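Student: Got these off TrEMBL a minute ago, pasting:
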DOMAIN    40-210  domain 'Phosphoadenosine phosphosulphate reductase'
BINDING   C122, C123, C205, C208  [4Fe-4S] cluster binding site
ACT_SITE  C231  active site, nucleophile
Amino acid sequence: MITFDTWNDHEHVYDFEIQNETKGALDVLKWAYQQYGDELVYACSFGIEGSVLIDLVHQINPNAKITFLDTHLHFQETYQVIEAVKEKYPTLQIKIKQPSLSVEEQVGQYGENLWNTDPNQCCKLRKVIPLEEELNGVKAWLSGLRREQSPTRKHIQFVNKDERFHSVKICPLIHWTWKEIWRYAHKNNLPYNKLHDNGYPSIGCAPCTKAVLDINDLRSGRWSGHGKLECGLHQA
Ligand code: SF4
C-alpha cells in the first residue's frame with residue numbers, strides 16, 4: 001500500500017489508460033479500492049462532480065465511505081441532494097461531519113460574518129480542521145477535482161502526495177470536461193444540486209457562493225471579491 005510516508009516521487013508515477021468511456025476514472029477507482037479498501041474516504045461536496053463520482057464509486061464499492069463537511073452554512077438544495085443520493089444508493093456509508101463550533105459560537109468568538117472579515121479563518125474552522133479530523137489515520141482520500149476547473153487545478157494527477165493532510169489524494173475525474181460531466185449525469189439520470197440549473201456551476205457555502213456571469217469561468221462565483229480560489233482543502 002502506498003502511503004504518505006512511503007511515497008517516492010520517482011517510483012510512484014501512476015498512469016492509467018484514459019481512452020475509455022470514463023477517461024480512466026473506473027480504473028483508478030478499482031486500483032484505489034484494491035490498495036486501500038476501507039481506509040479510503042471520499043470527501044464529497046455534493047456538486048455535480050460529486051454526483052458523477054458517487055455513481056462511479058458505487059459501481060466499484062457499494063459500501064464506500066463518503067464524508068460531507070457540513071459547515072451549517074450550505075444551501076437547502078445541497079442538503080436536498082444529499083437526501084436524494086442516500087435514497088438512490090442506500091448501501092453507501094455517508095457521514096455528515098460537523099465543525100466543533102456552531103455558527104452562533106463562531107460569532108461569539110470571532111464576530112459577525114467571519115466569511116467576510118476573514119474567510120481563510122472561517123474555512124479553517126468549518127472545513128479544514130473537520131477534514132483533518134476525518135483524515136486522521138486515513139491512508140488515502142478521494143476528491144472530484146478536475147483539471148479544467150481552475151488554474152490552481154490544472155496540474156493535478158490521478159494520485160497525489162497530499163502534504164496538507166499527510167495522506168494520498170486520489171482524483172479520478174481529472175480528465176473530464178464540464179460537458180462530459182453533465183452528459184454522464186443526464187444519461188444516468190443522477191440526482192444533482194438544482195442550483196446548477198440557476199447559474200451556479202460551483203457550489204459551496206451560501207454566504208460565499210454566487211451565480212456566475214461567465215459560465216466558462218466555473219469557479220468565479222466562489223469567494224467573489226476576496227481573491228480567494230480554494231478553501232484550504234486543496235493546495236494551490
Ligand atoms: S466557504 Fe465561506 S462560509 Fe464556508 S467555511 Fe469558507 S469562508 Fe466560511
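Positions of Cβ are set from backbone N, Cα and C atoms, glycine also.
Predicted automatically and left uncurated, TrEMBL annotations should be read as such.
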Student: On a count of neighbouring CB atoms within 10 A, which of the binding-site residues C122, C208 is highest?
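Tutor: Per the Cβ count within 10 Å, the most buried is C122.
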Student: Around the C-beta of C123 ([4Fe-4S] cluster binding site), how many further C-beta atoms are within 10 angstroms, looking at every protein chain?
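Tutor: I get 24 for this one.
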Student: Just to be sure I understand the packing, how many Cβ atoms besides its own are within 10 Å of the Cβ of C205 ([4Fe-4S] cluster binding site)?
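Tutor: Looking across every protein chain shown, the total is 22.
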